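K.L.:
Have a look at this one.
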Amino acid sequence: MSSSANSLNALSFDNSYARLPTHFYQKVAQTPLEDAHLISFNGDVAEALGLNRSQLDPEELARYCGGGGALETGESIAMKYAGHQFGHYNPDLGDGRGLLLGEVVTADNRRLDLHLKGAGRTAYSRFGDGRAVLRSSIREYLVSAAMNSLGVSSTSALCLVGSEEYTMRNGMEPCAMVLRVTPCHIRFGHFEHFYYLGQHDDLKLLADYCIERYFPQLQEADNPYLAMFNEVRNRTADLVAQWQSYGFVHGVMNTDNMSIIGETFDYGPFTFLDSYDPNFISNKNDTAGRYAFKQQPGIALWNLSALAQALLPLIPLDDLKRSLDDFADLYSAAFYGKMSQRLGLTQQGADGSLRQLIDDLLTLFAANNTDMNRFMRALSRYDGNESSLSFMSDLSCDSRGFSEWKARFCKHVDSSDVTLADRTQAMLQVNPEYILRNYMLEEAIREAHQGDYLPVQNLLKIVKNPFNAQPGAERYAEAPPDWAGAICLTCSS
């Protein structure tokens with residue numbers, strides 16, 4: 001394969017998952033969208049695939065991704081899996097509107113899946129129509145770019161394709177497709193499917209496939225299956241620590257939405273907190289608050305326990321219990337490590353006093369409805385002078401508690417060997433100027449429904465460069481408008 005191609009069909013394709021037994025999936029062709037057109041594509045993702053961003057033909061991208069032309073990827077497939085949804089096992093899951101088109105084999109021999117969301121009905125669609133709407137597609141397309149740019153592990157999206165086709169969701173809505181790119185589409189629920197059917201040979205075959213493709217370094221371990229589970233646990237702990245440190249609420253942490261490689265996967269009613277609220281629920285359908293912001297670490301452990309249950313035919317129970325027992329410490333180390341970075345205090349290590357400083361700050365955030373990300377960005381500019389902390393009053397952080405916290409923070413800074421300039425530089429690289437808030441997405445979606453896609457393209461530029469101030473984007477660094485709090489999100493997509 002050449003180092004830079006100008007067409008998707010010029011890439012080198014494979015589909016290793018399709019070489020597994022046919023009951024692992026269903027072969028199905030995508031259903032073309034009516035009058036498909038390209039809304040936006042992510043040049044960085046294109047280059048990761050080996051495409052030349054400057055030579056890509058928008059009409060060709062729309063044709064291939066909208067179903068008007070066949071990609072030479074082999075036969076596209078819908079994967080079968082199961083999962084626990086809101087704590088209840090559901091055996092009747094699978095790719096109900098998405099198709100795994102195949103794997104791009106890059107010049108450096110990496111494998112990246114291409115998965116088309118909104119591609120039409122499959123055997124696993126149940127009562128769904130197999131489509132995705134423009135609203136949810138814009139959200140996934142933009143947030144995947146935002147998360148990757150923040151350094152939070154996430155799937156990517158090559159392009160967003162719109163259409164003149166409509167379907168019923170919140171009223172009649174236009175259909176769209178997103179071409180998702182990630183090394184892995186294996187969910188916790190893939191393993192649950194075979195376990196609960198008692199198909200232990202297939203369970204072993206799936207685990208062997210995952211170790212060979214995603215964790216080849218574990219093949220020589222004493223128990224490769226336990227080593228794989230430990231790696232999934234480690235990555236999951238790190239991922240959720242990243243979420244909590246940036247105030248990200250996934251919204252639907254079902255086991256079928258959990259990736260075994262620790263990526264944020266299957267975006268739905270997600271939210272970045274405008275004000276810090278541990279009890280915040282981003283999904284209106286989550287009436288019990290199972291997936292509230294503060295619950296996410298515990299739910300991650302619950303989901304890992306469900307995966308452990310599914311792996312019992314391969315791993316001794318006591319080994320799995322010991323592995324799960326280590327999750328809390330792994331998560332805490334990752335979370336406090338990330339928060340220490342955000343405070344510019346990494347050189348001290350997350351010792352007891354620093355952890356207490358972080359805990360107390362989060363308590364103050366919750367008590368004062370503080371905008372966590374705006375606070376941390378402003379704190380990055382602390383230059384040793386009291387005046388550089390005046391932003392606390394502007395952010396309603398002028399309580400006695402904040403004054404006491406400020407004094408303790410300054411003491412930590414003063415005891416460090418790191419210069420203020422170096423600390424500021426480091427903090428500005430982990431505390432974003434811009435975070436992708438729901439109101440920003442809502443504005444772009446409203447315009448897109450009127451046929452104006454420029455706001456989507458502008459937001460993509462902003463969220464791909466979140467740590468640097470950008471001309472014309474000043475308002476996105478300010479407090480969200482009052483109406484932002486009334487935005488209602490559900491699982492509808």
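Cβ coordinates are placed from backbone N, Cα and C, and glycine is handled just like the others.
Keep in mind that this is a model prediction, so the values were computed, not measured.
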K.L.:
Which one, Asp35, Asp238, Asp266, is listed by Swiss-Prot in the same ATP site as Gly94, Gly96, Arg97, Lys117, Asp129, Gly130, Arg180, Arg187?
P.N.:
Asp266
K.L.:
Just going by other Cβ atoms within 10 Å, which of the binding-site residues Arg97, Arg180 has the emptiest spot?
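P.N.:
Sparsest of the binding-site residues Arg97, Arg180 by Cβ contacts within 10 Å: Arg97.
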K.L.:
For Asp129 (ATP binding site), what is the tally of other C-beta atoms lying within 10 angstroms of its C-beta?
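P.N.:
There are 16 such Cβ atoms around Asp129 (ATP binding site).
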K.L.:
Just the number: how many Å between the Cα atoms of Arg180 (ATP binding site) and Asp256 (active site, proton acceptor)?
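P.N.:
Pair distance, Cα basis, whole Å: 16 Å.
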K.L.:
Per DSSP, Gly94 (ATP binding site) is which: helix, strand or coil?
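P.N.:
Gly94 (ATP binding site) sits in a strand per DSSP.
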K.L.:
10 Å Cβ neighbour count around Asp266 (ATP binding site)?
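P.N.:
Taking all protein chains shown, Asp266 (ATP binding site) has 22 Cβ neighbours within 10 Å.
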K.L.:
Tell me whether Arg180 (ATP binding site) sits in a helix, a strand or coil according to DSSP.
P.N.:
strand
K.L.:
Using the alpha carbons only, what distance in Å do you get between Gly94 (ATP binding site) and Asp256 (active site, proton acceptor) once rounded?
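P.N.:
Here the two Cα atoms lie 9 Å apart.
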